[in-house]
Amino acid sequence: MRFKRIDQIDVKKKNVLIRVDYNVPIENGKVLENKRIVESLPTLKYLIGNGAKIIILSHLGRPKGLDKEFSLLPVKEELEKLLKMEVLFIDDFYKDGVKEKIDSLPYPSLVMFENVRFYKGEKEGEEIYVNKLSSFGDIYVNDGFAVSHRKEASIYHLPLKMKEKCAGLLLSKEIENLSKLNENPTKPYVFVVGGSKVSTKLTIIDNIMNNASTIIIGGALSFTFLKSQGFSVGKSLVEDDMIDECKKIFKMANEKMVNILLPLDFVVAKNLEGNGKRIEKRESFKDDDLGLDIGPLSIEIFKAALKDAKTIVWNGPMGYFENPLFENGTLEIGRSISEETKKGAFTVAGGGDSLLAIDKLNLFSSFSFISTGGGAMLEFLGGVEMPGIKVLEED
């Protein structure tokens with residue numbers, strides 16, 4: 001995978017179009033959580049320090065056309081606070097005089113375009129839209145790893161039009177760290193996967209088997225695997241159309257001598273609110289039981305598997321983490337992985353709920369690397385070609 005990094009390109013007195021991921025939570029016109037914005041600062045500061053004019057591109061949410069609820073204006077205000085620098089906000093780059101306005105700015109300067117998803121050309125890769133965007137810049141930078149698995153105009157079609165394109169510091173760091181897991185991870189390698197759907201994790205589990213020593217499967221994901229092995233799981237979430245795929249995974253694990261660990265017990269209840277909450281062994285589910293977290297025995301078994309691992313990857317919660325009644329399994333696994341980091345293991349986490357758990361435990365500094373991508377991290381580790389990265393590669 002050969003591509004230029006931003007620090008290998010002369011950006012002085014150049015207009016730089018940079019695609020970032022500022023898809024952050026906003027309430028009453030204020031950014032609630034700014035981690036994604038903070039992650040982009042090293043690249044922005046590098047460009048500012050080297051005299052570039054920066055034009056920021058991002059999406060926010062899934063608007064259906066122009067919808068002010070999804071405006072990036074609050075993000076612009078947050079960025080100004082973080083950088084202590086004025087950002088020119090362009091609400092529509094098709095308007096007359098926008099290019100002249102940008103050209104009149106000194107070097108360095110910061111510009112932010114409104115939400116790229118306000119334009120239908122973004123999803124469709126429309127040529128007129130891409131040509132218009134490309135007219136504002138000399139250099140294209142992708143620094144949004146979390147969106148690099150999408151084939152949208154500002155991620156894929158725009159860099160095709162640009163003479164110079166490269167990866168930002170954040171994207172470079174993601175590729176460097178995640179590539180270690182695909183190329184030659186130090187063993188024992190334990191992969192911890194949770195969440196709800198087998199279908200979204202299938203490719204990665206397939207690919208991980210080429211390197212992993214043990215795969216720990218928790219969360220609602222585990223119920224489809226358990227059902228494929230003949231267990232009754234009550235009302236727990238199951239993807240019946242994925243049962244045959246789960247059987248294939250067990251067969252492949254057996255052939256490749258990969259150890260798959262499933263929970264032995266669960267915290268069950270009658271509903272998501274936690275009525276009738278109790279611990280139940282996996283073979284003792286009642287018809288109306290809903291499995292909502294891994295139980296104490298499972299936690300101990302999983303911790304034992306993590307002990308003395310040299311490489312650990314974690315994606316997805318061990319239970320219905322949104323309810324504090326069912327967060328214990330996720331928090332315990334997070335703590336356990338952080339302990340292995342202290343012993344020298346290379347530990348990586350990604351995915352929204354995993355990061356929420358790490359944040360709750362205040363353990364961000366206790367992981368070797370925290371990926372900004374959820375779906376993007378899974379696709380990268382699953383060996384899926386990512387359009388936003390592929391397009392940066394040099395011949």
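Just so it is clear, glycine is given a Cβ too, placed from its N, Cα and C backbone atoms.
Just so you know, the Cβ of Asp21 (substrate binding site) picks up 24 other Cβ atoms within 10 Å once every protein chain is counted. What TrEMBL lists as substrate binding site is Asp21, Tyr22, Asn23, Arg36, His59, Leu60, Gly61, Arg62, Arg117, Arg150.
Annotation comment: TrEMBL describes Arg36, Arg117, Arg150 as (2R)-3-phosphoglycerate binding site. The Cβ of Arg36 ((2R)-3-phosphoglycerate binding site) has 20 other Cβ atoms within 10 Å, all protein chains considered.
Per TrEMBL, ATP binding site is recorded for Lys201, Gly291, Glu322, Gly351, Gly352, Asp353, Ser354. The local packing around Gly291 (ATP binding site), expressed as other Cβ atoms within 10 Å of its Cβ over all shown chains, amounts to 28.
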- Query: In whole Å, how far is Gly291 (ATP binding site) from His59 (substrate binding site) when you measure between their Cα atoms?
  - Reply: 36
- Note on the structure: If you measure between the CA atoms of Gly291 (ATP binding site) and Arg117 (substrate binding site) and round to the nearest Å, you get 38
- Which state, by DSSP, holds Asp353 (ATP binding site): helix, strand or coil? helix
- Query: Widest Cα span across the (2R)-3-phosphoglycerate binders Arg36, Arg117, Arg150, in Å?
  - Reply: 18
- Note on the structure: Rounded to a whole number of Å, the separation of the Cα atoms of Gly351 (ATP binding site) and Arg36 ((2R)-3-phosphoglycerate binding site) comes to 13
- Task: Could you check the binding-site residues Glu322, Asp353 and say which one's CB has the most other CB atoms within 10 Å?
- Result: Asp353
